[in-house]
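Visitor: Copied straight from TrEMBL:
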DOMAIN    2-151  domain 'Phosphomannose isomerase type I catalytic'
BINDING   Gln97, His99, Glu134, His263  Zn(2+) binding site
ACT_SITE  Arg282  active site
DOMAIN    329-386  domain 'Mannose-6-phosphate isomerase cupin'
Amino acid sequence: MIFKLMGKHQHYNWGGADFIPTWLKLENNNGQPYAEYWLGAHRSAPSLVEFEQKWLPLDRLLDTAPELLGDEGRAKFGNELPYLLKILDVKLPLSIQLHPTKSQAEQGFLQEEQQGVPLTASHRTYKDRNHKPEMMIALSDFWLLHGFKPLTQIIQDLQNIASLAPLAERIQHQGLPKVYAEIMQADQPQLEQWLLPIIEQYRPDYQQGKLSLNQAEYWVLYTLEAMDIPLTKLDAGLLCFYLFNIVHLEKGEGIYQGAGLPHAYLRGQNIELMAASDNVIRGGLTPKYVDIPALLNIIDYSEVVPKIIPCYHPEQQESNLFLYPTPLAQDFALQRLDFKAFSEERFTSSSASILLVMEGSLYLDLGNNAIHLKQGESVFISANTQVESIGEQNGYAVVATLP
Ligand SMILES: [Zn+2]
């Protein structure tokens, strides 16, 4: 079965006011931020499905008719849709964050339940029992922090900055975890000692547009400005630009982030597909609740060399349905369906899927009728459904499904 689907918006203040409204053809006269558009069945913001001319929350439909998820999916993930598909517009940098493994999430959720922390409390960390690996495909030039750099690189980069050179020395003697814990818990005078010389030295070049976006100093100054951080209230997260990989994705490229990997989205728009969870442990650059002990408990200090998911090249493909390679993902897989006017594509979705039209328009032939989908419109497809799509206006859709 195929149901028309309508997502939910999240108006977090780091979001841009234009990208998502323009893409969805919504009016946004008062300039409200549109940070995220969610498609899925997460209990905190389920999408709506059209059923007998009414709109129902997708989680409720799946509660009543779990067979729509298919036997294979239910055997692995129970009666839940295991993934969440999002469109993001990152105008201001997001917090430095990481996501727990499944067992950490189960433990953390239980603990907070036992302590009686309400689910909606601002200091609540675990909103559900699930892990949250995630992948993303850039819709524009996209910048992010992604995992700790190789140690030799961290030491070299710190040694190049006079005020940070003592940190390089200490990492060599005491190891990264101990020094990182101290950085994250440093007081204001200490942060000033590390950061003010950098800010003073590089500000003129920053203002004249002379810094490269691959440079930590650019992002220190940009973040101060974008997040309006006063010099008297510096954030330990600013030091992370020297510790983590600064990654640039070109439009169409992607990246996968597993549990425990520290990361932060800095700028750009993307498609995100993740396990259905809202568990975020924050480590700086945010006015939201920051739980440093929880962060230090589960952060992954491994040296990371970013693996970019390559851009999709239609001319190199035999089929119009392309699977983005994410070998580590268990809870989700992302496909891209390219279409031209009048082109037909037939496929069977073996597990429950969400199809979202990113550009152009198509229709799904249901035999006795059809569902027309324009840019930004989507459907929920139950497991083992044969899909027949016919292009109307050239474009492409993404399909979230199980591997
Ligand atoms: Zn994340």
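If you go along the chain as it appears here, the first residue is 1 and each next one adds 1.
Heads up, the Cβ atoms here are built off N, Cα and C, so glycines get one too.
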Visitor: When you measure from the Cβ of Gln97 (Zn(2+) binding site), how many other Cβ atoms are you left with inside 10 Å?
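Guide: For Gln97 (Zn(2+) binding site), the 10 Å Cβ neighbour count is 24.
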Visitor: Across all chains shown, how many C-beta atoms besides its own are within 10 angstroms of the C-beta of His99 (Zn(2+) binding site)?
Guide: 26
Visitor: Within 8 Å of the Cβ centroid of the Zn(2+) site residues Gln97, His99, Glu134, His263, which other residues of the same chain have their Cβ?
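Guide: Checked against the 8 Å cutoff, the neighbours are Leu98, Lys132, Gln257, Leu261, Pro262, Val280.
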Visitor: Sort Gln97 (Zn(2+) binding site) into helix, strand or coil using the DSSP assignment.
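Guide: Strand, per DSSP.
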Visitor: According to DSSP, does Glu134 (Zn(2+) binding site) fall in a helix, a strand, or coil?
Guide: strand
Visitor: Taking the Cβ of Arg282 (active site) as reference, which residues of that chain separated by at least 6 in sequence fall under 8 Å from it?
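Guide: In sequence order, the residues whose Cβ lies under 8 Å from that of Arg282 (active site) (at least 6 apart) are Ser95, Ile96, Gln97, Lys288, Tyr289, Val290, Asp291, Leu295.
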Visitor: List, in sequence order, the same-chain residues at least six positions removed whose CB sits under 8 Å from that of His263 (Zn(2+) binding site)?
Guide: Ile96, Gln97, Leu98, Leu144, Leu145, His146, Gly147, Phe244, Gln257
Visitor: Same-chain residues six or more away whose CB lies under 8 A from the CB of Glu134 (Zn(2+) binding site)?
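Guide: The list for Glu134 (Zn(2+) binding site) reads His99, Tyr256, Gln257, Glu272, Leu273, Met274, Ala275, given in order along the sequence.
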Visitor: With helix taken as DSSP H, G or I, strand as E or B and everything else coil, how many residues of the domain 'Phosphomannose isomerase type I catalytic' (2-151) land in each class?
Guide: 38 helix, 46 strand, 66 coil
